[in-house]
Amino acid sequence: MVIGGDECDINEHRFLVAFFNTTGFFCGGTLINPEWVVTAAHCDSTNFQMQLGVHSKKVLNEDEQTRNPKEKFICPNKNNNEVLDKDIMLIKLDKPISNSKHIAPLSLPSSPPSVGSVCRIMGWGSITPVKETFPDVPYCANINLLDHAVCQTGYPSCWRNTTLCAGFLEGGKDTCGGDSGGPLICNGQFQGIVSYGAHSCGQGPKPGIYTNVFDYTDWIQRNIAGNTDATCPP
């Protein structure tokens with residue numbers, strides 16, 4: 001869940017995808033068009049499904065849809081010994097999604113985000129930082145996009161040039177366990193994918209690390225067009 005947030009409005013997360021397997025919910029993702037979902041590479045798993053149109057895990061929406069992955073794409077130049085390297089996965093669904101009251105895609109960004117931007121985080125992950133407590137509904141919060149140097153200092157061994165740093169130096173609001181793969185939305189644009197953070201979520205001075213979606217737009221578009229040999233930025 002999201003630390004320091006509140007229940008999302010039921011109409012603000014039509015693009016948010018819930019990943020689940022036999023053990024239950026485990027990650028989030030973002031619907032970018034009727035056939036494709038973007039999530040974190042570290043969310044890859046066997047025998048998972050994706051639910052769209054979900055708000056409460058206990059109260060069904062009449063337009064919820066479930067899909068299986070048909071194809072999964074991870075950067076061919078990813079260093080598999082480093083979990084957070086190129087932490088992005090593109091998934092083709094087994095059949096297209098129909099737009100509905102609670103389901104609609106979110107477009108890829110048209111420009112990179114700016115430091116200082118107010119960004120929205122959301123997910124069904126833990127709402128408590130230490131002993132995990134998972135809510136039935138997604139929580140949302142606003143955080144700030146910070147300068148790279150903040151996360152380079154906080155996570156010297158995890159920082160990548162293709163990542164974003166977002167949160168608050170004093171802590172308080174953050175993504176947490178179960179939010180991985182979900183979106184970071186800055187000024188209305190899909191700019192980041194939840195990747196990594198401090199093991200005690202929401203604790204300063206370590207904000208969250210997000211994969212920078214803008215850096216991967218060319219790779220995403222090439223794969224959707226059928227060029228599966230496309231490589232990701234270094």
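Including glycine, each Cβ sits where the backbone N, Cα and C put it.
Only one of Cys140, Cys158, Cys165 is recorded by Swiss-Prot as the disulfide partner of Cys151: Cys165. Checked against Swiss-Prot, the residues Asn21, Asn161 yield a single entry marked N-linked glycosylation site: Asn21. Here Cys201 is paired by Swiss-Prot through a disulfide bond, and of Cys176, Cys186 its partner is Cys176.
Within the set Cys75, Cys119, Cys140, Cys232, Swiss-Prot assigns Cys119 as the partner of Cys186, by disulphide bond. Annotation: Cys176 carries the greatest number of neighbouring Cβ atoms among the disulfide-bonded residues Cys8, Cys43, Cys176 [cut-off 10 Å, Cβ to Cβ]. Taking the Cβ of Ser180 (active site, charge relay system) as reference, residues of its chain lying under 8 Å away and at least six apart in sequence are, in sequence order, Cys27, Gly28, Thr39, Ala40, His42, Cys43, Gly125, Val194, Ser195. Only Asp87, of the recorded positions Cys8, Asn21, Asp87, Cys201, have a C-alpha within 10 angstroms of the C-alpha of Cys75 (disulfide bond). Comparing the disulfide-bonded residues Cys140, Cys186, Cys201 on other C-beta atoms within 10 angstroms of each C-beta gives the minimum for Cys140.
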